[in-house]
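The block underneath contains the structure these notes are about, expressed in structure tokens.
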Amino acid sequence: MGGCSGVSSQKLGIAFACVIGAGLASMIGAGIVFLLNFRRSPKLLAAALGFAAGVMLYISAVDIYAGKSVGMFEDAGYEPALAFTYATICFFCGFPIIWVLDMICHWLADRGTRGTGIHLDLGAEAVHHSLDMNQTHASTAADIVDGKDPRDGLGRASVRAATCPYDAQLAAKAGQEGGADADEKQAVLDKEHARKLVRSGILCAVAVALHNLPEGLVTFVGYMESVGSGITTAIAIAIHNIPEGLVISSAMTAGTGSRLKGVLWALLASVSEPLGGLIGLAVVCGGQMTDTVFAILFGLVGGIMVYVSIKELLPNAHRFDPQDKVTSLSVLCGALVMACSLIAIAYSAPEEGEPEVAGEVVPSGLEAPPAPL
């Protein structure tokens, strides 16, 4: 049965299946949240957010911006210096775009956390620590007014607590002078953290969805041009979609307290990959998508993902790990995982000049068997 532009419907179907499979691979990463308990360990949440930041920073700076955007401009016929300049402009143009989306997400997060019972249990220790910090500051201030040395009678831990409070602003907001009860203070702290995490999760979903859109298009068109290239590209993209699924689900799960919501948001972001495949279908059936358009899109997406990493993921990670015991290491681990996936993509790409026959790649120098009549 014939398809558009003389392409068989079977080949179109397989190409689209590759795109869907690559997109749904992110659900593997999203499902990891069912194995994690962010409520009991704030440092585990910090590690997850740091890992997510490392993934997004590396892929956006190394692959999307420096690799794909610059490369696509060069493929479009621009000189290397001009291609780099245009890619850089597109990269920084992504910042104001995501800033506007950030404002929208801020509004959505406020609506999502207002009166919905969202609760992030940071544990009684964190709350008592915050309250103790307020009391320590009050005592220290009184001693100074009385002319006493605040270090007298204080251990090293107390001095450090007086100078390095844990989320002092949130604790001050939670505390009432003379004090409201601990449950009320806990609720204020939890709501503030939840709001920030929900906003981060929404922004991550938007950034990953925008990133997946051109990937779906590239996978579909790549399969139509070369079966071997399309399949290997789909597998490689699926591998690096796995940590991206964890990026979204970890932030949303921590913010909403619902693992299911985290997975559903990751699923929503992965849907953009098949949408990219539909655009690829339109291209195959007579449309046109120039290298310049790809280059601009990749440049914008690269800037958007860097913004989300620096503005949302890293600050939230440090909020739950103020002494940086796991955050920086997690960022490096995330970057390493993404680097390995990009290396896999580089080695999986078939060599140029390898003709394909009946859906298989035939090594150069061998003649393909005659097609059956």
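Yeah, the Cβs are placed from backbone N, Cα and C, and that goes for glycine too.
Taken from TrEMBL, the feature transmembrane segment covers 12-37, 44-61, 81-101, 197-214, 220-242, 263-289, 295-314, 326-347.
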Considering only the recorded stretches 12-37, 44-61, 197-214, 295-314, 326-347, state which has the highest number of Cβ pairs under 8 Å to the transmembrane segment (81-101).
295-314
Top partner of the transmembrane segment (44-61) among 197-214, 295-314, 326-347 - counted as Cβ pairs under 8 Å:
326-347
Counting only residues 6 or more past its boundaries, what in the same chain has a CB within less than 8 Å of a CB in the transmembrane segment (295-314)?
49-50, 52-53, 56-57, 59-61, 64-65, 68-73, 75-76, 83, 86-95, 97-99, 102, 196, 199-200, 203-204, 206-207, 210-211, 213-214, 247, 251, 327, 331
Using a Cβ cut-off of under 8 Å, list the residues of the same chain at least 6 residues beyond the transmembrane segment (197-214) that approach it.
23, 26, 49, 52, 56, 59, 64, 98, 101-102, 105-106, 108-109, 112-113, 118, 120, 241, 244, 247-248, 251-252, 254-256, 262, 265-266, 268-273, 275-276, 279, 294, 297-298, 300-301, 304-305, 308, 312-313, 316
Looking only at residues six or more beyond either end of the transmembrane segment (326-347), which have a C-beta under 8 A from one in the stretch?
43, 46-59, 62-63, 233, 236-237, 239-240, 243, 314, 317-318
